[in-house]
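What Swiss-Prot records for this protein:
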- Gly204, Ala205, Pro206, Gly207, Thr208, Gly209, Lys210, Thr211: ATP binding site (BINDING)
- 1-11: compositional bias 'Polar residues' (COMPBIAS)
- 130-140: compositional bias 'Basic and acidic residues' (COMPBIAS)
- Ser55: phosphoserine (MOD_RES)
- Thr68: phosphothreonine (MOD_RES)
- Ser72: phosphoserine (MOD_RES)
- Ser75: phosphoserine (MOD_RES)
- Ser129: phosphoserine (MOD_RES)
- Ser421: phosphoserine (MOD_RES)
- 94-101: motif 'Cy' (MOTIF)
Amino acid sequence: MPQTRSQTQATIGFPKKKLSNTLKKPNSRDCEVKLRNVQPVPTTPCVDVKLLPLSPRKRLGDDNLCNTPRLSPCSPPKLGKKENGPPRSHTWKGCRLVFDDEPTFKASPPKEQDRVRQHQIRSSSAQRSPESKADPEQKCPPEKESVCIRLFKQEGTCYQQAKLVLNTAVPDRLPAREQEMGVIRNFLKEHICGKKAGSLYLSGAPGTGKTACLSRILQDFKKEVKGFKSILLNCMSLRSAQAVFPAIAQEIGREELCRPAGKDLMRKLEKHLTAEKGPMIVLVLDEMDQLDSKGQDVLYTLFEWPWLSNSRLVLIGIANTLDLTDRILPRLEARENCKPQLLNFPPYTRNQIAAILQDRLSQVSKDQVLDSAAIQFCARKVSAVSGDIRKALDVCRRAIEIVESDVRSQTVLKPLSECKSPSESPVPKRVGLAHISQVISEVDGNRVTLSQENTQDSLPLQQKILVCSLLLLTRRLKIKEVTLGKLYEAYSSICRKQQVTAVDQSECLSLSGLLESRGLVGLKKNKESRLTKVSLKIEEKEIEHVLNGKAFTGNILAAGLP
């Protein structure tokens with residue numbers, strides 16, 4: 001039988017486990033280890049001897065790798081999960097998406113030239129010495145510059161600037177009102193500088209520049225002339241006509257004037273206004289016709305104050321009614337001293353509206369946002385209806401908003417070098433005649449749709465007759481507001497004449513409420529329904545223009561009240 005193992009084997013004696021019954025000391029011979037025929041294993045000398053705990057659980061950090069074989073110095077480092085994937089294609093690194101709102105920082109020309117020279121030197125050296133390509137330090141390509149891509153969105157600041165100058169606030173210049181402003185300026189110089197009391201009444205349709213002209217002149221006077229106090233009150237904000245006296249006392253700022261009430265307050269105000277010491281007081285009452293009261297005591301008292309002895313009051317009233325002093329205040333005609341100076345503001349003409357719009361837009365830039373044809377079309381439409389400059393400004397501003405929304409919806413990607421500042425760029429899109437026509441049709445269609453038969457928003461027949469009755473009644477009585485009782489009488493007479501069944505008075509009130517929700521009329525409710533005041537919220541010319549477009553309502557207006 002062949003011999004497979006060496007007959008001489010190494011024997012290793014393991015220490016025996018101590019038992020409780022084993023009390024003998026182990027023999028030294030049993031503990032000896034006899035190794036025969038075993039070649040010694042060469043070991044690598046260890047420079048740093050580090051004592052480690054026996055249990056691997058007690059080892060921390062890199063100590064757990066003490067039993068792993070040592071890596072050769074030429075082995076590559078361990079790759080992460082992201083680097084173990086397939087090789088990527090060559091792409092631009094560090095692309096930045098810059099929005100147009102962020103400031104762009106450009107490198108200075110010298111630094112940019114140095115960077116170009118260094119790039120040329122590197123490229124030339126790489127072509128001359130091919131050995132440098134094998135250098136391990138240059139295996140990775142140099143990091144390329146980050147490409148700046150701008151998401152250029154057309155801001156259109158020209159539209160924003162145009163909307164700012166087309167607002168309804170008091171402008172620096174008021175074209176087409178030089179004559180009226182001259183009359184007001186001379187009146188104030190005469191009475192303020194001469195310390196002479198007086199009264200002035202400004203009349204005209206809405207949007208003709210009455211309040212704007214007076215506000216601009218008062219602002220200029222505060223810088224030039226000292227020694228006067230101006231008080232501006234809008235009578236529409238007052239609860240009643242009698243509330244004007246506490247409002248005046250509060251604006252004067254004297255505590256002793258605010259304590260009394262009723263007639264005592266009026267006496268205190270008269271005493272204060274006729275005192276020898278004190279500055280001149282310019283009292284401006286806008287919407288003065290809202291102070292209409294029983295017997296017109298409030299209006300008579302206000303117009304009589306400037307003519308008291310030693311009075312320091314300069315009263316300026318503003319209202320839409322042309323004949324307020326002649327019709328409502330006939331007693332002022334009897335006393336020549338109490339009659340105020342009258343100044344009427346006529347509606348703006350087509351040429352005046354066009355000149356105002358062009359003057360406003362010329363303050364922004366040379367390239368106007370609105371075409372000249374669009375401006376002329378807007379001026380012609382507004383002057384034919386009311387001559388209200390505020391309506392023309394609103395129409396143009398709304399048309400600019402429509403074009404601006406279209407331009408903002410266009411997002412364009414452009415290189416950074418081609419992006420110019422919005423102020424330097426030309427107008428991307430101008431407001432044309434079609435945009436003005438669209439806005440005017442929307443405004444007229446939302447407010448009045450009386451002449452459209454096949455539209456769902458068209459008014460019913462009874463509401464049309466009620467609007468015709470209100471228009472005819474206000475013209476006959478020459479007042480802005482009528483009671484519901486008088487309106488119902490006029491409505492009933494028109495229905496009888498046109499052979500149309502009329503509704504009762506309670507339903508007439510509900511019809512007025514529906515017209516109020518459409519913005520056609522205004523209601524001032526009272527405890528008694530007959531005393532509810534009804535007024536038109538739209539210009540008479542505008543309503544008449546729409547009502548005449550239909551045969552039935554046109555015949556009612558032509559026939560008038562029976």
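Cβ atoms here come from the backbone N, Cα and C positions, even for glycine.
Averaged over the motif 'Cy' (94-101), the predicted model has a pLDDT of 50. According to DSSP, Lys210 (ATP binding site) sits within a helical segment. Sequence-ordered, the extra residues of this chain that approach the ATP site, with Cβ no more than 8 Å from the Cβ center of Gly204, Ala205, Pro206, Gly207, Thr208, Gly209, Lys210, Thr211, are Asn320, Phe345, Asp388. Secondary structure at Gly204 (ATP binding site), as computed by DSSP, is strand. There are 15 other CB atoms within 10 A of the CB of Pro206 (ATP binding site), with all protein chains counted. Long-range C-beta contacts of Gly204 (ATP binding site), restricted to its own chain and to partners at least six residues apart, with a cutoff below 8 Å, comprise Lys210, Asn320, Leu322, Asn344, Phe345, Pro346, Pro347. The Cβ of Thr208 (ATP binding site) lies under 8 Å from the Cβ of Phe345, Pro346, Pro347, Tyr348, Gly387, Asp388, Ile389, each on the same chain and at least six residues away in sequence. All protein chains shown were included, and the count of other CB atoms within 10 Å of the CB of Gly209 (ATP binding site) stands at 23.
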